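Q: Pulled these features from TrEMBL for this protein:
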BINDING   His136, Asp161, Asp165, Cys254  Mn(2+) 1 binding site
BINDING   Asp161, His163, Cys254, Asp256  Mn(2+) 2 binding site
Amino acid sequence: MTLVCYQPSVPGAWQGRNDGNDPDLLRWHQLIQPADISRGPLPAVPAGKKGIAFLGFSCDEGVRRNGGRTGAAAGPEALRKACSSFPVHFEGHVLADAGNIVCEGPQLEMAQEALSATVSHILQAGYLPVVLGGGHEVAFGHERGISRHYKDEVVGVINFDAHFDLREPGVEGASSGTGFWQIAQERKKAGQPFHYLALGIQQNSNTPRLFHTAAELGADYLPASLFQQKYHDQLVGAIRSFIQRNDRIYLTTCLDVFAAPYAPGVSATAYNGLVPDALFLDCFRTVLRTGKLAGADFAELNPSLDHDNRTAKLAASLVFETVMNYFLRQGD
Ligand SMILES: N=CN[C@@H](CCC(=O)O)C(=O)O
Ligand SMILES: [Mn+2]
Ligand SMILES: [Mn+2]
């Protein structure tokens, strides 16, 4: 595959604790298969098994254009490190590392196009793409790649985020805050519906204009204030009914949806964000267990602002959830 902005995974990206080579001692770094997809195909997935391909999106330009605190370009590297020592609780399934799409300087649109092409290549190879951001401008490229692959299907977008990211591009163009508005426009052009569910929206982080745009575009959202145990059934019910309206689901998690003590390593921290507790996990797993998941990503990790790697570890735990639920989901 010919690719711009592409770098294969660097040697040493996956390193961690080693307890030995017996199958019941293995960790992800011992099993992951690095692939240079500019030179050859991803490894074949054995019959009856599943594959997940990680892809880094190393980019600061979206957050820079959005006036935020840059540093998310180092997110993929930190996330790989934080995932490296996870134990292997599955057999026969393939974890591959497809490398990185790198945004050089201001070339955001080119990097997003490369991301889109690579995501659709990964899907074509029978893998689930799990994209490691990067700022939330990762969403536009990732979703375009999924929609490119699932041309005739309805792809719903589920975004765990404090923000709508429904801004219209400004003088500098697209940014980390415009992704879902851009997706809505593309859907309109193609005569397709825009199905968008934002979870964890903060009133104190979104202008009335953004709430208005959300209403105009027919976006669904559940505010952060609803994330209380007493609303458990309402939350899970709303997520389930959104999923039912779609053939495929693109899941994106903006790490600033979490409260600052859990996620200090993001551009825009939220003092009153979600707590990554059992209630959140139930909501997150409801999406992962649908059988419709077409891709997942984790955005806005900024290692230069992190404390004790806690944001990286939280994001890595969600990657672990994604892998476990995708590989071990019953009924397919
Ligand atoms: N991807 C982040 N988007 C937010 C950032 C807000 C901020 O930097 O305060 C937004 O555009 O609203
Ligand atoms: Mn956000
Ligand atoms: Mn966001």
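Using the three backbone atoms N, Cα and C, a Cβ is placed for every residue, glycine included.
Note that TrEMBL annotation is computational and uncurated.
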Q: For the recorded Mn(2+) 2 site, enumerate neighbouring residues of the same chain (Cβ within 8 Å of the Cβ centroid of Asp161, His163, Cys254, Asp256, site residues themselves excluded), in sequence order.
A: His136, Asn159, Phe160, Ala162, Asp165, Gly200, Ser205, Leu255, Val257, Ala268, Ala299, Glu300
Q: Which binding-site residues from the list His136, Asp161, His163, Asp165, Asp256 come close to ligand 1, meaning a Cβ under 6 Å from one of its atoms?
A: His136, His163, Asp165
Q: May I ask which residues of the same chain, at least 6 positions away in sequence, place their Cβ under 8 angstroms from the Cβ of Asp256 (Mn(2+) 2 binding site)?
A: Asp161, Ala162, His163, Ala263, Val266, Ser267, Ala268, Thr269, Ala270, Gly273, Glu300
Q: Excluding His136, Asp161, Asp165, Cys254, which residues of the same chain place their Cβ within 8 Å of the centroid of the Cβ atoms of the recorded Mn(2+) 1 site?
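A: So the extra residues in range turn out to be Ala139, Asn159, Ala162, His163, Phe164, Ser176, Gly177, Gly179, Phe180, Thr252, Asp256, Val257, Ala299, Glu300.
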Q: Provide the number of Cβ atoms within 10 Å of the Cβ of His163 (Mn(2+) 2 binding site), excluding the reference atom itself.
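A: Looking across every protein chain shown, the total is 25.
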Q: Mind giving me a neighbour count for Cys254 (Mn(2+) 1 binding site)? Other Cβ atoms within 10 Å of its Cβ, every protein chain shown.
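A: Summing over all protein chains shown, Cys254 (Mn(2+) 1 binding site) has 30 other Cβ atoms within 10 Å.
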Q: Measure the Cβ-based neighbour count of His136 (Mn(2+) 1 binding site), defined as the other Cβ atoms within 10 Å of its Cβ.
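A: Other Cβ atoms found within 10 Å: 33.
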Q: So if I measure Cβ to Cβ from Asp165 (Mn(2+) 1 binding site) and keep only same-chain residues at least 6 apart in sequence, which ones fall under 8 Å?
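A: Spatial neighbours, sequence-distant, of Asp165 (Mn(2+) 1 binding site): His136, Ala139, Asn159, Ser176, Gly177, Thr178, Gly179, Phe180, Trp181, Cys254.
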